[in-house]
Amino acid sequence: NPYILATLLFGLGLGTTITFASSHWLLAWMGLEINTLAIIPLMAQHHHPRAVEATTKYFLTQATAAAMLLFASTTNAWLTGQWDIQQMSHPFPLTLITLALALKIGLAPMHTWLPEVLQGLDLTTGLVLSTWQKLAPFALLLQIQNVNPTILVTLGLASTLIGGWGGLNQTQLRKVLAYSSIAHLGWMILILQYSPSLTLLALLTYFVMTFSTFLVFKLNKSTSINALAISWTKAPILTSLTPLVLLSLGGLPPLTGFMPKWLILQELAKQDLAPLATLAALSALLSLYFYLRISYAMTLTMSPNNLTGVTPWRFSSPQLTLPLAIATTATISLL
């Protein structure tokens with residue numbers, strides 16, 4: 001029903017906006033809750049056991065994170081008499097809130113729900129989950145000052161490493177994208193305390209790249225690496241561009257995805273954190289490997305059955321192709 005869909009999407013926007021606009025912890029928590037409750041029916045709209053399972057997993061993790069957040073902010077008010085987001089001073093609620101937000105966006109080691117949930121959704125809802133749902137918790141993370149730097153660095157480094165290792169043995173594209181999301185979030189958290197503006201830049205470029213990747217897979221109707229082998233007959237022009245999109249996601253110069261990584265490594269080196277920068281750069285190689293693998297499956301292998309008669313690409317809808325064209329161009333050439 002279009003009315004229900006419109007209401008849910010409005011709720012999705014409203015939740016994020018409330019969190020953005022709030023300076024009080026209760027209001028921020030309320031925004032996060034509205035956000036979660038609005039996306040749940042969208043996730044379960046295909047009454048498939050897999051989708052329902054993913055929705056349940058998502059609901060439980062988000063409820064846990066929200067409860068942790070509420071508990072931590074109440075504890076903070078109890079210890080310091082302060083509800084303001086930017087006035088956090090006590091280390092215990094600070095740590096707890098950081099962990100709650102990490103669970104909300106799926107940072108390692110609280111990441112295990114993300115691949116499972118993303119695998120159960122269709123590509124459009126998966127795209128919303130990978131992009132829009134990350135905004136509200138990120139707004140809160142950016143506002144919290146004086147967090148223990150060790151926690152953030154540990155979370156960030158663990159995420160880049162696990163995001164790299166985890167994606168290596170996956171054949172399902174949505175799971176690969178989930179691990180890629182974990183790795184990118186790790187880069188953002190790594191630089192959060194030294195340069196918040198770089199975190200925002202990395203988040204925005206990640207959004208653009210993920211947008212085009214999800215739309216490419218949606219146009220091809222592919223959900224596994226094997227299904228990509230028949231992309232040539234579905235969308236020949238796009239298939240020749242897709243490796244560039246994927247390598248941009250992996251952070252290869254001269255593509256857009258290289259920009260945030262370059263600047264983050266530069267900033268880490270300026271802060272005398274050369275070992276950290278080295279580890280982060282090496283973990284990016286892991287991600288690069290599985291993006292290369294997908295590109296190889298998509299462009300350098302031909303499927304054995306000849307489908308030249310089936311050419312759906314001539315009739316693809318402008319609602320999909322226009323945003324895809326814009327996102328792909330941005331993904332490839334913004335550096």
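Here, residue 1 is simply the first one shown, and the rest follow in order.
Every residue, even glycine, has its Cβ placed from backbone N, Cα and C.
Remember, TrEMBL labels are computer predictions, not curated facts.
According to TrEMBL, the feature domain 'NADH:quinone oxidoreductase/Mrp antiporter transmembrane' maps to 22-286.
Distant neighbours of the transmembrane segment (59-79): 25-26, 28-29, 32-33, 36, 40, 88, 90, 92-94, 96-97, 99-101, 103-104, 113, 117; these residues of the same chain sit at least 6 beyond its ends, with a Cβ under 8 Å from one of its Cβ atoms. Residues or ranges marked as transmembrane segment by TrEMBL: 59-79 (among others).
The transmembrane segment annotation in TrEMBL covers 91-114 (among others).
According to TrEMBL, the feature transmembrane segment maps to 150-169 (among others).
What TrEMBL lists as transmembrane segment is 176-194 (among others). Outside the transmembrane segment (176-194), and at least 6 residues removed from its termini, the chain residues within Cβ reach (under 8 Å) are 102, 105-108, 111, 114-115, 117-119, 126, 130, 134, 138, 141-142, 147, 149, 152-153, 155-164, 166-167, 170, 202-203, 206, 210, 213-214, 225, 249, 260-261, 264, 267-268, 271, 276, 280, 283-284, 286-287, 290-291, 294.
Counting same-chain residues at least six beyond the ends of the transmembrane segment (200-217), those with a Cβ under 8 angstroms from any Cβ of the stretch are 123-124, 126-127, 130-131, 134, 138, 142, 173, 177, 180-181, 184, 187-188, 191, 223, 238, 242, 245-246, 248-249, 256-257, 259-261, 263-264, 320, 323-324, 327-328, 330-331, 334. According to TrEMBL, the transmembrane segment annotation covers 200-217 (among others).
What TrEMBL records for 229-253 (among others) is transmembrane segment.
According to TrEMBL, the feature transmembrane segment maps to 273-292 (among others).
Under the heading domain 'NADH dehydrogenase subunit 2 C-terminal', TrEMBL lists 288-335.
Each residue in the domain 'NADH dehydrogenase subunit 2 C-terminal' (288-335) has a pLDDT score, and their mean in this model is 81.
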